[in-house]
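Student: This is the structure, below, for whatever I ask next.
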Amino acid sequence: MPQRIELTSEPVRKPRSTESSLLRKIQRACRSTLPEPDLGLNLDVADYINSKQGATPREAVLAIEKLVNNGDTQAAVFALSLLDVLVKNCGYSIHLQISRKEFLNDLVKRFPEQPPLRYSKVQQMILEAIEEWYQTICKHASYKDDLQYINDMHKLLKYKGYTFPKVGSENLAVLRPNDQLRTPSELQEEQERAQAAKLEELLRSGKPDDLKEANKLMKIMAGFKDDTKVAVKQAINNELNKLKRKADLFNEMLTSADEPDLENEAIQELYGDLKSAQPKFKKLIEEERDDDALVSNLSKFNDLVIQLLKRYKSIKGMKEEELNVPDTNEPAKELNLIDFDDDTTANTPSVTSPSKSLQPFDDLLGDFNKVSLSSPKSPQENDTVVDILGDAHSKSSGIDLLDFDSQPGESKTALSAYSNSIVLPNGLLNSSSNSKEITAQSQRHILNQSDHLRIDYELTRESMTKLRLVIFYSNISSDPITNFALLVASPKGTTLSLQPQSGNMLQSNSRDGIKQIASVEGISVNLGKPIKLKWKANYCTKGDSKEESGTTSLPTI
């Protein structure tokens, strides 16, 4: 007999959902009402799995598998996008789950025996994912022996006549292991997490052979610190030897010529590797302080790396903030060329009464009352400052983007530290009069480089009064960068137009992960002085909000 609806003295309570927090997060990230895959929601799922571990990787993969095969194309596309984020951010625990035979069979369950003339969107994404796994973790991961079923599925599909799409180099680079130096504690933590994930899967299987393997693994885990101490030291020595070879090559490239080509990609990559590894030396020395020989070698190598970084920066003309070697000859005022948040000091010249004789480029961005923030979606507006992502909080936060803290006559001096870091291209203009055709060569320059973020740009001249910039954003750290946004200001009397960024997330150690095109109108060929741009970058990494800012001088072309 069906239960009647009637009023009672008991309070009405909403029935509790039987779904776990993880499943709710996955459903939210893959719901069909989304216009496109939401990277923020996908990363939220990845962070949840990394924090919980245990059975969550398997639970997530099973939920994604059901969404892929439920018949809803849009939900399947979102589920595969989520799976891609998990594979790239959750490590071995997810890699072990996608290598299970049951998962791979269900993933291709809707593939016909004979390949169709044209693949569906879901089939195309599945083939691309399997090819990406095959080219990266199945070949280069230290645990590649645990991923044999992915190799088998790749061979089977190829035998059936399926063709795999070409995977972009940036996607392959994310999953390939990097050569970054790691401390013993980091190596131990990584190994323990991998062993715990494997033990979880072996116990869940319950097969006799798997239980025997689980018994061996538990013995290894119980005596991990003693049994694998030699292996950990060997891994550290291998990584140090790789770094020493890089340091020798870097030193040779810096000393092989009187004026080394610092724009060379190999030199920049070696510099980035050594710079990111140098802070780890202190941790290694602290953790291995009982090993006198290793500590001595590390101290000597650390001194060598610091000297190489100093030499590179002295050639490049960069400030040595990370190495704590300030330039004592430079006025303190010039060290703070741009400050988006600090109040104006008493020594700062007043901006309310500029001289009448100032030219537009002398009074750089001086008329603050007319400055506004604009979105890159409407580049036709003549706004001087552009908020690349059009964030609402950027437009109302009251930040004074255009306080350069310098008088017009000091513009050249105040930019000396920054302009020295830019190599002025020669022969960019090949014209004897304004009526002749302007030709420009594209050369990459470094706008800024920090511990996490590197910004490069290529500068060309499109017309007698217009410059074009192609800006590249790279992540030089081992942690992903999310919610990336940039604010840029150009001089008064010019018009800065920006196209939208190609994205707002940078995977770890990704080069040119985001690209953007900008143009500055109103820069005459005969100006005769460099133009400076003011910028501020905001992003998140490892859960912390970061902010970088500065001023750069564009080469005269």
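Numbering starts at 1 and runs along the chain as displayed.
Keep in mind that glycine also has a Cβ here, set from the backbone N, Cα and C atoms.
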Student: To which residue among SER32, SER394, SER463 does Swiss-Prot attach the annotation phosphoserine?
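Tutor: Going through SER32, SER394, SER463 one by one, Swiss-Prot flags SER394 as phosphoserine.
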Student: Hey, which of SER353, SER490 does Swiss-Prot call phosphoserine?
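Tutor: Among SER353, SER490, the residue Swiss-Prot annotates as phosphoserine is SER353.
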Student: Looking at SER357, SER545, SER549, which is the one Swiss-Prot tags with phosphoserine?
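Tutor: Per Swiss-Prot, phosphoserine applies to SER357.
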Student: Pick from THR183, THR348: which one does Swiss-Prot list as phosphothreonine?
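Tutor: Record annotation (Swiss-Prot, phosphothreonine): THR348.
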Student: Over the span of the domain 'GAE' (440-556), count residues by DSSP class, listing helix, strand and coil in order.
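Tutor: Summed by class, the stretch gives 0 helix, 69 strand, 48 coil.
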Student: To what whole number does the mean pLDDT across the domain 'GAE' (440-556) round?
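Tutor: Mean pLDDT, the domain 'GAE' (440-556): 84.
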Student: Please work out the helix, strand and coil residue numbers for the domain 'VHS' (29-165) from the DSSP assignment.
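Tutor: In the domain 'VHS' (29-165), the DSSP-based counts are 95 helix, 0 strand, 42 coil.
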Student: By DSSP, how many residues in the domain 'GAT' (192-317) are helix, how many strand, and how many coil?
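Tutor: Taking each residue of the domain 'GAT' (192-317) in turn, the totals are 108 helix, 0 strand, 18 coil.
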